[in-house]
Amino acid sequence: MIKLLFMGTPQFSATVLKGLLDNPAYEILGVVTQPDRAVGRKKDIKVTPVKQLALEHGISIYQPEKLSGSQELIEIMGLGADGIITAAFGQFLPTILLDSVSFAINVHASLLPKYRGGAPIHYAIMNGDKEAGVTIMEMIKEMDAGDMVAKASTPILETDNVGTLFEKLAIIGRDLLLDSLPAYLSGELKPIPQDHSQATFSPNISPEHEKLDWTMSNQEVFNHIRGMNPWPVAHTFLEGQRLKIYEAQLAEGEGLPGQVIVKTKKSLVIATGQGALSLIVVQPAGKPKMSIIDFLNGIGRKLEVGDIIGR
């Protein structure tokens with residue numbers, strides 16, 4: 001039985017971890033995940049999906065704010081793991097930790113060397129890519145630059161958003177890891193170096209990324225909305241208040257960027273730099289998420305054709 005240390009945080013990671021837990025060839029000695037966070041207006045403490053799964057299986061849990069130089073680092077290095085598996089962990093691994101095990105493998109949600117970094121799925125959708133994928137790669141000091149063990153891809157559909165693509169890629173990543181790990185550990189599967197000249201990056205999403213730019217084409221704004229749903233959610237401004245936009249549809253029409261060009265009891269169409277978008281699901285400041293019909297029956301009823309949002 002191969003003894004593993006698992007490191008990850010979101011549901012993507014938990015899906016991969018569950019695959020390892022269900023496989024008798026592997027023993028998970030401990031998991032390392034991000035600290036619990038206070039979320040929402042009530043500041044409720046939320047544990048990570050990886051922690052929740054580890055609790056259900058009685059696995060030791062480590063949650064350092066920063067792994068490097070921590071007491072937790074000393075403890076996990078003393079567990080005697082053969083190797084490390086990471087999947088969307090969210091922190092760099094100290095070289096001393098990588099050197100302490102026989103192998104260290106990362107499940108990364110992109111087709112490397114494209115989209116190294118922390119938000120590959122967001123960028124794949126926002127950039128209008130036709131496919132996304134997962135790469136199993138060796139971990140080295142440089143971020144997501146290690147040799148590639150295996151790759152698998154899937155089409156990005158017009159109906160996909162970050163949430164749906166995360167779910168698809170988590171399953172692909174789990175299966176790809178379980179399929180390739182035995183051959184990799186036996187030496188039968190030889191890793192392939194990345195072409196570093198082709199590397200692109202997907203830095204973590206900042207608040208500035210969330211703001212919609214209505215001067216872009218309707219396809220670009222549409223992709224941006226999908227690439228922010230369900231988190232952190234794209235937004236524009238209505239009378240100085242933030243208006244989150246969860247869903248929209250491509251529409252025809254012309255007008256100034258951000259201008260209301262169609263308003264009925266059931267629809268609100270906004271012009272973009274090229275074409276237009278029909279808003280479907282929105283969330284006004286201080287209100288719950290709602291359909292555009294409910295919005296137009298409430299706060300949105302004051303909007304008129306010719307008004308401009310986003311200012």
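Placement of Cβ uses the backbone N, Cα and C atoms for every residue, glycine included.
Values in this document were obtained by computation on a predicted structure and should not be read as measured data.
According to Swiss-Prot, the (6S)-5,6,7,8-tetrahydrofolate binding site annotation covers Ser110, Leu111, Leu112, Pro113.
On the structure: features taken from Swiss-Prot.
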| residue | record | Cβ contacts under 8 Å, 6 or more apart |
| --- | --- | --- |
| Ser110 | (6S)-5,6,7,8-tetrahydrofolate binding site | Arg116, Pro120, Ile121, Ala124, Ala132, Gly133, Val134, Thr135, Ser202 |
| Leu111 | (6S)-5,6,7,8-tetrahydrofolate binding site | Glu131, Ala132, Gly133, Val134, Thr135, Lys151, Ser153 |
| Leu112 | (6S)-5,6,7,8-tetrahydrofolate binding site | Thr135, Met137, Asp144, Met148, Lys151, Gln194, Ala199 |
| Pro113 | (6S)-5,6,7,8-tetrahydrofolate binding site | Ala145, Gln194, Asp195, His196, Gln198, Ala199, Thr200 |
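Shown in sequence order, His108, Lys114, Tyr115, Arg116, Pro120, Gly133, Thr135, Asp144, Lys151, Gln194 are the same-chain residues outside Ser110, Leu111, Leu112, Pro113 whose Cβ sits within 8 Å of the Cβ centre of the (6S)-5,6,7,8-tetrahydrofolate site.
DSSP assigns Leu112 ((6S)-5,6,7,8-tetrahydrofolate binding site) to coil in the three-state reduction, outside any helix or strand.
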